[in-house]
Structures are given as structure tokens and as C-alpha cells.
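Read the structure below first, then the notes.
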Amino acid sequence: MGHNVTSVTQQTNALALRGVVKRFGDRAAVDGLDLTVERGVCLGLLGPNGAGKSTTMRLLTGQAVADEGAIEVLGFPVPRESKRARAAMGVVPQQDNLDEELTVRENLEVFAHLYRVPRGGRAAAVARAVARARLTGRERTRVGDLSGGMRRRLLIARGLVHDPALVLLDEPTVGLDPQVRAELWGLIDGLRAAGTTVLMSTHYIEEAERLADDCAVMARGRVIARGAPSDLVARHAGKQAIEHHGPPARLAEVERIAHAAGLPTRRTGPSVTVLRAEELPPSALEALGADGFVRRPTLEDVFVILTGERVE
Amino acid sequence: MSDTGRLRRFEGAALRGVWRYEAAQFTRYWKPQTFGALFEPAFMLLAFGYGVGSLVAAVAGISYRDFVATGVVGTAALFLSVFPAMFNGYTRRVFQHTYDAVLAAPVDLHELLAGETVWTAARAGVFGSAPLLVGMVFGLDPAPGMLLVPFIVFATAFGLSLFGAWTAARVASINSLDYVITGVVTPLMLVAGTYFPMSSLPGWAQVAAHANPVFHCVELVRHAVFGFRPLADLGHLAGIAAFAAVAWTLALRTLRRKLIA
């Protein structure tokens, strides 16, 4: 390890990773990751499955140990002082790991103990978490009897029971229907508004656009682009996108013309989109024809051209 | 970067957090657990004490009924520790991902393992002594040494819980625990002087029994009830402690490999 762990994080940073490598056998799940997150910021960690997002989360909690590099969380070097870091952060895992046999209140009480909420403040902390999860009146309900949306809200509230300075949200709305997802976005937005630092991994572009102040796009274990959603769009997808629909031969022709002009394209089913279309020379624009639909580029376009992956 | 920097000391707050979880579980399941703890030894005593006892009057100078009443304590220590450690350990690690949730909180793996194991052992210490109470109902004479039996069971169950945690961390599927039950737990119960004296076993089995904490437990319990033999009992305590030390090392190492990649 060639990095000075203690000097990594500036006072303003809640998180700092420098040159972090994590290998599983021959495969590097995280491969030279550099990432900082300022205090009070909600950072969206975008990336396709296998990009290294979940491994990064586990490295931050000390549940995975980096082979190389330096990690600092809330000023504590990890894993050396990971316990102190964990005491000040909340974790909402991708996988629901609530205890189904216990009630809503029991699940929260257990974690209030585990997170060392002082005895005098424990009941209030649990009551706040119940209210935050909008489960007032369901405190004595066994978790196994809750709906998927309720469980997810409880999982988030459990991670916040000790009012952490930093929250790690690992794919917080994965697998949920749009209505429940919108509910949870309100909850996460409330954290951001309260000044809590949030690191949220997601592969839902809309989620990142809606909640994140800043985004980092991960692929193959490292950050390949970083910036505010609007900046990323401007930098990688330009100001204008032209979407062409047609048979495969027509789409291939559009791609050929765009690539000849040095512009990126994005294929989506029966359509292809030319990005940074404002840079098309008049001859290329004429060759493309007038059948295109002009729209504003999105973060989804950026994600696809950077990672080569489809989005959900 | 290694994880050797993770704090090795035990923090009371972390242990109390783990115990709070165990207590929440216990309040849900204490009735069936108490029922099993009391009635299983009663049935054993009825079956062996009166069944086999009608054929065998005395073993090693004590009535067969008293021999079994004290021997069943060892079986209880085994069952009350190994089974919860194996099945809870596997379920919490693989199915419920409870360990991931706990280790994301300020609890280190050695604290999680110690907290769970101490809880299981303490519960075994209380419930595992029930056979003596049942034995007294059936005529076993009370003795002051019986007050030490919960502590003997606790020490034995501590090592056996760690053994259960280790096997739960090693097996590829929960069904594989059947191999452990048949291949290890059953011999541990039988080669321990629980239902028949060790002298009736072949010499190699008598030697092998010294690696069996249930054997040491049964010997200590009998001595606590019928009279201590200080030198031998120190040896039995050392046997229990050695088993626990090896099981702790194996369990912690294997769990670390599984949970902190």
C-alpha cells in the first residue's frame, strides 16, 4: 500500500478513496478507484451490474478489505478504525436483511443498541425511525407481515436510527414498483435537505437525476466520469440529440453517418440516437434526412455511451 | 492492506447490542425452548432410567437412574449449544444476511461471535441443568456441588457453540449439516459416558473421548454431584478449555473468510 492513509481526507470530505484495488481471485472488482465525497453532498454512484458499486460500499464499512490503496471515512482510516467510522454512518443494503420474526419496533430497538444510541435517547430514536418509515401504528407488526414498500422504508429508517452523519444507500429502490420508489425518493430527499452526506449506488438513471447533487459513473471498478448530472450531460452528450426510428438498415446508415462525423450514437430497440447533434456538419445533417426527432440529451444517454450498457 | 488493524478488544456496547438481538429472539421462542429443555430430559430419564435401569441396577457404584440423570446434562449441553449455533449461524449468515447487517454497525466479527456464543452458552447453562432438577424429582439426592453445574455446562456449551458456528460457516448448504449431526454430534453424545460407562467402550474410544468436551462435562457433573476429584477435574476443565480455544480459532478464521472478503 503506497498511500498515506491519514492524509487522504480533507476536512470537507466525508469520504475519500485513493487508488483502491480489490481483487477476488484474478478479477479486480474495484480497480484503482479514486473517489471523494464532500460533506453534505448526495453522490449518485452510477454503474451497470458488476461495475464495483457494491464492493465499494463494503470496502467503506470494512466488510471487504482493499488489496491496495487508502480509504478514509469521516476522517477515520478504514479498515484500521472502521468501527469508529461505522458508528457514525448508516448503511442501507441492497438486500433486505431485516429480521422477519421480530416486530418493527424490535428491529429498530436492536439496531439502536447496536449503534450505541444512549439509553435515555433510545425510545425517542426508535419513535423517530417509526415515524420516518411511516409505520406509526404498526410498531408491533412482525416484519414478515409488512408489504415490500413498508419493509424498504423500515430498512432505510433502521439505517438512520442513530442520526448518522453519512448514509450509504446501496441500490435503495431496486426491484420496487414506481409508486414505492417515488415514496422512498421523498425520504432520501429529506436526508439531503437535512445536510446528511449520502452515497447512493444505483443503476436507475432517473433516481440519480432526481436525488444526486453529483454523480460518479463507475465501470470496470473505477470512476470513468464525474460531475453534476447536467454537467455530465453537457460534457458527454452535448446540447441536442436526434432520434431516428426505422428498419435495421436505416439505423445502421444513421450510425455510419454519425460516426463518420465523430459523434457518438446510442441504439435503443428500433431507434438510434445521435448525440452531440449540434456538432453535426451541414452535409452530415443533410445525409441523415429530416425524419429525426430532436430532443434534449439525458443522463441515460451519458450512461449508455460511457458504459456501453442498457439501462433499466 | 490487511484487516489486522480492526480493533481486537471486546467492547461492552458491541456485546450488549448482540445480546439485545438475542434477547429479542428469545422473548419470541422461550416457551418452546423451555418446554424442550424440561421435558426432553424427563423423557430420557423415563426411557433410560426406568427402561434400561430395570435391567442394570448400578454403574460405577451409583444407581443407573442417577448415572443417566447426570449424563443427560452432557447431552443437554451438547444439543442446546451445537444445534442453535449451527442452524442459527447458517440461517443468519446465508438466508437472512443478519451478520452483514450487524457487521455494518460498530460491531467487529470477534464481538459478534463472542456475543452469540456467550448467549447460547448461558442459555445452555440454565436449561442444561434442568435434567438435574428432573432427576431430583425422580429421586436423585441434592448436593452442594450441583450449584456449579450451570457453570460447567456454560463452559462446555461455549466451546460446542463455537464448534457449531465453525461448521455452519464451513458447509456449502444447510443440508450438509446432516453430515455433521450424524458424523460428529452423535458420536460426541455417545462416546461421553452419558448412557453407559466409558469402560464398556474399546480402548481407542476411551482415548478419543479425551478430545470430547461432552465427556469432560459429564465427568465434571458427576463429580459435582457425587464428590469432586480435584486433580482429575482440573484435567477435565483443561480439556473443555482446550476444545473451546481450538474451536474459537477455527470459527473466527472461517467466518472472517466468509463475511469479510
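First residue shown is number 1, and so on along the chain.
Each Cβ is built from the backbone N, Cα and C atoms, and glycine gets one as well.
Sequence annotations record features per position, and here TrEMBL assigns domain 'ABC transmembrane type-2' to B:32-258.
The feature transmembrane segment is assigned by TrEMBL to B:38-61 (among others).
Annotation source TrEMBL lists transmembrane segment at B:67-87 (among others). Note on the transmembrane segment (B:67-87): residues 37, 40-41, 44-45, 48-49, 52-53, 58-60, 116-117, 120-121, 123-124, 127-132, 134-135, 138, 140, 149, 153, 156-158, 160-165, 167-168, 174, 177, 180, 185, 188-189, 192-195, 197, 214-215, 217-218, 221-222, 225-226 of its chain, located 6 or more positions outside it, place their CB under 8 angstroms from a CB of the stretch.
Among the features that TrEMBL reports, transmembrane segment is placed at B:121-140 (among others). Same-chain residues lying 6 or more positions outside the transmembrane segment (B:121-140) and placing a CB less than 8 Å from one of its CB atoms are 26, 33-34, 37-38, 41-42, 44-45, 49, 65-66, 69-70, 72-73, 76-77, 80-81, 146, 149-151, 153-158, 161, 221, 225.
Outside the transmembrane segment (B:146-165), and at least 6 residues removed from its termini, the chain residues within Cβ reach (under 8 Å) are 73-74, 76-78, 80-86, 89, 113, 116-118, 120-122, 124-126, 128-129, 132, 213-214, 216-217, 220-221, 224-225, 237, 240-241, 243-244, 247-248, 250-251, 255. Residues or ranges marked as transmembrane segment by TrEMBL: B:146-165 (among others).
Annotated transmembrane segment per TrEMBL: B:177-196 (among others), in sequence order.
The transmembrane segment annotation in TrEMBL covers B:234-255 (among others).
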